[in-house]
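Reviewing the structure listed below.
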């Protein structure tokens, strides 16, 4: 199924007679895929939380609110108003960077869920789809290549620095951050897609 959807990305770019329709098709696939990942992230986080004691949930949530995610190093809109003012290319570039930041951490999600739900391959396919959208929306700008998005801040290897004795906290934060970032990407891609319809109301 993943290969079929990715093929649709490629075939859609090859049709030049209806550029708006093609872009909408590309965006529809990308939005659908990130919605699936967001729902999956929510389910995994909820399942993990339900396995904890109430006091554990409270303490972990308190720590998480004071901590940060790996992706916080990536410059992104601070609120819905800035999101709506951002260009399509900027939203696509940030979305790519957010998905890319999970290439390594996604392999360590709780309970072997990454392998069971094929999360890493799904992220990789979404990255390739977003890359195609970036190329299609550059309009003569420098081509996007080698997985590098300009004007985005670097990020650290935060998840690699946690010790084994912090495995519970690590699992909680990984799932919470994964859920948060998939929500961000879903929002950015949805707004970017909406921009292709001049008469649409893209208010968040």
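Every residue gets a Cβ built from N, Cα and C, even glycine.
Annotated signal peptide per Swiss-Prot: 1-17, in sequence order, evidence recorded as similarity to another entry.
Here Swiss-Prot flags 18 as pyrrolidone carboxylic acid, drawing on similarity to another entry.
According to Swiss-Prot, the Zn(2+) binding site annotation covers 36, 186. Here the Cβ of residue 36 (Zn(2+) binding site) has 15 other Cβ atoms within 10 Å, regardless of which shown protein chain they belong to.
Cβ neighbours within 10 Å of residue 69 (disulfide bond), excluding its own Cβ and spanning all shown chains: 21. If you look up Swiss-Prot, you'll see 69-177 (among others) marked as disulfide bond, on the strength of similarity to another entry.
Residue 194 (disulfide bond) falls within a helix when secondary structure is assigned with DSSP. Residues or ranges marked as disulfide bond in Swiss-Prot: 194-202 (among others).
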Among 177, 186, 194, 202, the most crowded of the recorded positions [Cβ within 10 Å]: 177
Nearest of the recorded positions (186, 194, 202) to residue 69 (disulfide bond) - Cα to Cα: 186
